[in-house]
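Here is what Swiss-Prot records for this protein:
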{"type": "BINDING", "residues": "Cys81", "note": "(2R,3E)-phycocyanobilin binding site"}
{"type": "MOD_RES", "residues": "Asn71", "note": "N4-methylasparagine"}
Amino acid sequence: MQDAITSVINTADVQGKYLDDSSLNKLKGYFATGELRVRAAATIAANAANIIKESVAKALLYSDITRPGGNMYTTRRFAACIRDLDYYLRLATYGMLAGDPSILDERVLDGLKETYNSLGVPIGATIQAIQAMKEVTSGLLGVDAGQEMALYFDYICSGLS
């Protein structure tokens, strides 16, 4: 996992260069939003269970997926879906705090699509639930922090598409 600082420094180091204006501006932007990201992470942590509950209700609860024969039918499958959504919320929050999505590649996306396909997990429904989680989280955090967090939910959805 990298953070925005490590990413900028590693890029310059590989090129054998000092940080240029563009690199320094990236760091300034990262530091300028630090308090916003920390407050957002605290709000998400305090409300994670409700975020998941509202997201499931909004996207999945009353769809065919939860009815007999659907992929979330049976308590075990439903619980696995809830567990996965909680995992995505937590890792997206880590990425937002770091200012870098690499943790999502390393711990979520690498091999996930293939795993879901092999298990018969409907990717479309997963993306729909993540989009609902983005909406719920954005409503809770407000515009600025919601937009920041949305980048990481969108990154997960893009990786699953």
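Every residue number used here counts from 1 along the chain in the order it is shown.
A Cβ is built for glycine as well, from the same backbone N, Cα and C atoms used for every other residue.
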Three-class DSSP secondary structure - the residue listed as '(2R,3E)-phycocyanobilin binding site': helix
Surrounding CB atoms that lie within 10 Å of the CB of the residue listed as '(2R,3E)-phycocyanobilin binding site', all protein chains: 21
